[in-house]
Amino acid sequence: MKDTCEGRYEAVEIRAIKVHGSSNDFYLIDEMSRELAITEEERSALSLAVCKRTGEDGADGILFVQASNTADAKMRVFNADGTEASMCGNGLRCVGRYVSEKLGKDELIIETMKADLAVKREPEIYQDIPTFRVEISPVLKSTKALPMNTEKDEIIQERLPFLDDELIFTTLSVPNPHLVSIVSQEVLASDKQEKIAKYVNGENEWFPDGVNVSFINVMSDKDIFVRTYERGVGFTNACGTAMSASSLVTKWERSLEDEVLLNVYNPGGMVKCQVHDMPEKTWIDLIGNATYEYKQTITVDLKHREVQFGNKEIHEEEVAAYHAFVNHVKEIVGAI
Ligand SMILES: N[C@@H](CCC[C@H](N)C(=O)O)C(=O)O
């Protein structure tokens, strides 16, 4: 895919694994084993081209797995719109599994843009579901970290009349940016979230880099439902960092214990979030599936944005196990 002579590009051939965490799906590309000779701009163009949803193909993003000088491996995540994000909770579980199997280790450290994070294989969340626990950290309350253009240092459970007259919002960086609100089922069913999310992720004076927007519906002191409109993607089945931030906000709002373990339901399944809200440090452990859907070779001509998806080598048993889990989750949610 190098620009070999004026305006002529060779197509790049990528070996990818289609993975998902709570049905938030990604192409995982291993650059530790096989060099991907592309520039930074091409990484962005690659994400735009490959993630575009056409029929069964496309994804919410790309996870690049690279060698690291400080950890077992490094994860870089690109959104479907070609922007790079600092973190991805659902993606980190999948990268964790991949590196764990590659190195034969059940406990790992994975380098991400802003922190080296702990990853650990966990007992299965449901029958035959490979399950991983990942550290979501650092947690930053400062609006500067987001960034958000406001004179306030923090927005914790506050009204933001420029967004809505009634809803109460919290902003957090974990460390990618999140705007969350606890809402009723009625508000969840309305178009408020989409309107707010589109506003803060378009040209606007408040959030210059955009922000992930989540609505939380609290079902009990142990169970919450979270739906997220992701920056750089749109509504996704789930967002791991958003579910982590939402768990912390729920803990504050309901005055739950400092290390509360919550079941977090989402449109693509369910995870568990263990909050650690200690005087010296706050972080969240995100625990959930790391599922391989299929392996595939993808050929991309970046200049013309032409993509050819090869045959899928499907991980039938894993896909079936995840479907069974989702059916089980639906039954629980109906019963709560
Ligand atoms: N889906 C991810 C978050 C991906 C990045 C996000 N869209 C951003 O731009 O911050 C997750 O599981 O955390």
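Note: Cβ is positioned from N, Cα and C throughout, glycine not excepted.
Curation plays no part in TrEMBL annotations; they are all automatic predictions.
Keep in mind the model is a prediction, meaning the values are calculated, not measured.
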Binding-site annotation, TrEMBL, substrate: partner of Asn24, Asn79, Gly89, Asn90, Asn212, Glu230, Arg231, Gly240, Thr241 in Asn149, Asn176, Asn289, Asn311:
Asn176
In the three-state scheme derived from DSSP, which category covers Cys239 (active site, proton acceptor)?
coil
Roughly how many Å lie between the Cα atoms of Glu230 (substrate binding site) and Cys239 (active site, proton acceptor), rounded to a whole value?
7
Surrounding CB atoms that lie within 10 Å of the CB of Cys239 (active site, proton acceptor), all protein chains:
32
Proximal but sequence-remote residues of the same chain as Asn176 (substrate binding site) (Cβ under 8 Å, at least 6 apart):
Ala85, Ser86, Met87, Cys88, Asn212, Arg231, Thr241
Could you tell me the C-alpha distance between Gly89 (substrate binding site) and Cys239 (active site, proton acceptor) in angstrom, no decimals?
7
Whole-number answer please: how many Å between the C-alpha atoms of Cys239 (active site, proton acceptor) and Asn24 (substrate binding site)?
7
